Amino acid sequence: MLKIIIPTILLLPTITFCKPKQLWPTSLIYSLGIALLSLQLFKPSMELMIFSNHYLGVDRISAPLIILSCWLTPLMILASQNHLILEPISRKRTFMATITFLQVSLILAFSTTELIMFFIAFETTLIPTLVIITRWGNQMERLNAGTYFLFYTLIGSLPLLVALSYMQAQNGTLFTHTMQLNQPTMMTSWAHSMWWFALLTAFMIKMPLYGLHLWLPKAHVEAPIAGSMILAAVLLKLGGYGIIRIMPTLNPLSKTLSYPFMAMALWGVIMTSSICLRQTDLKSLIAYSSVSHMGLVIAAALTQTQWSYTGAITLMIAHGLTSSMLFCLANTNYERTHSRMLLLTQNMQLLLPLMGLWWLLASLTNMALPPTINLMGELTIIVSLFNWSNITILMTGLGTLITATYTLYMLITTQWGETPSYMKTIPPTHTREHLLMMLHILPMILLTMKPELIWGNFY
């Protein structure tokens, strides 16, 4: 574990003392090296969890998410080059350092085995993300978006801290594996119900659950490309990971108290998908589609069966790569037209033909076309929810139908139609952008060949 964390920390002095001309290539190659190094966590082992010390350990649930975090760092550096081209060198260094700090805190959050340490790392990810959104965002509203993001997260995490402190006092430990062995029986009293809600609310806001999701479209729309990528791909997954980790210790209350969360999550799948059909803003549409997909993950994680956990982890990884790629594609349009409106970026297929192919592939994976890992995740979740309650098939089925509709609407609006007169001369695509899309789509294709790597240790 330390062989990933220490090189990542050492990326900070590399960025600081590197020559200005070599800043981009050095940091890109270095972070890509760390990403390739992290791939060895996929190596199958006989133990359920591999510990590097008392506090850090990796199992089949956290390994895919750590690898996703490491993989996204070089992609963020690659995507942000054009955005930062006019910035002075000191600001470029600050930006890189912020991304690196974010990666370190994410790796710690996913690999820690102790809940208070997880809470600290979970909250630490807030700071660099906030800096990226409020400092490098495009519009003036970014400060408003940053405020929403900050206060939603903080209001949710204060009850979590109180609940964890109470757990520590009651159990004498917050080590996740020990807690599953000496389970406290949570009585069906009012205080225990409040405790249960306090433990889950922070993760529900982070996911986000429909109803607690208002910070997400704002943050996504105002964030620069790197902020959107890391927010959609990894930060939302912290919530799902937290739910999966903490649910086994919360029985027997979880059987009944999870009903309102399940209902909101499944209703949210339909509602946010419907909202997507009405969107005029491309980044906002992709942000709402993230809420819709994460609703399925929440419902699955609360069902607590092997199948649903497997589906949740698979869909989290699949969605991480897909939504990140969609944001990159939206950014390539934005850099050329300086507008996020769907109606103003029509007929891009004629102007940028190869980008049309990337748009098609990203849209097909977003609507879970076979044989993508998105389909594997969604199918296992739908089957496990159907097994839990037959009526959920109406909501999940309708959700997938509307998802396909708005994805095709997005693809058709951006790629076909009438070319606006001011779009006749736009700069061509760069090799850098095609490499970026390739590095998003390649892991998805490879994972389609061997999806067991991201199934968690439940198969």
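Including glycine, each Cβ sits where the backbone N, Cα and C put it.
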Need the matching range: TrEMBL marks transmembrane segment on one of 95-113, 285-303, and I'd like to know which.
285-303
Which one of these stretches, 5-28, 389-412, shows up in TrEMBL as transmembrane segment?
389-412
Sequence-remote partners of the transmembrane segment (259-278) [C-beta within less than 8 Å, at least six residues beyond its ends]:
200, 204, 209-211, 213, 285, 288-289, 291-292, 295-296, 298-299, 302-303, 385, 392, 395-396, 398-399, 402-403, 405-406, 409
Applying the under-8 angstroms CB criterion, which one of 149-169, 285-303, 350-369 scores highest with the transmembrane segment (389-412)?
350-369
Which bits of the chain, at least 6 residues beyond where the transmembrane segment (61-81) starts or stops, bring a Cβ under 8 A of a Cβ in it?
4, 8, 24, 27-28, 31-32, 34-35, 37-39, 41-42, 95-96, 99-100, 103, 106-107, 110-111, 224-226, 229-230, 233-234, 237, 241, 244-245, 309, 313, 316-317, 320-321, 324, 328, 331, 432, 435-436, 439-440, 443, 453-454, 456-457
For the transmembrane segment (149-169), give me same-chain residues lying six or more residues beyond its boundaries with a C-beta closer than 8 angstroms to one of its C-beta atoms, as numbers and ranges.
115-116, 119, 122-123, 126, 129-130, 133, 179, 195, 197-199, 201-206, 208, 212, 214-215, 218-219
Test the contact criterion for the transmembrane segment (194-216) and the transmembrane segment (309-329): 3 or more CB pairs under 8 Å, pairs 6 or more apart in sequence, then answer yes or no.
no
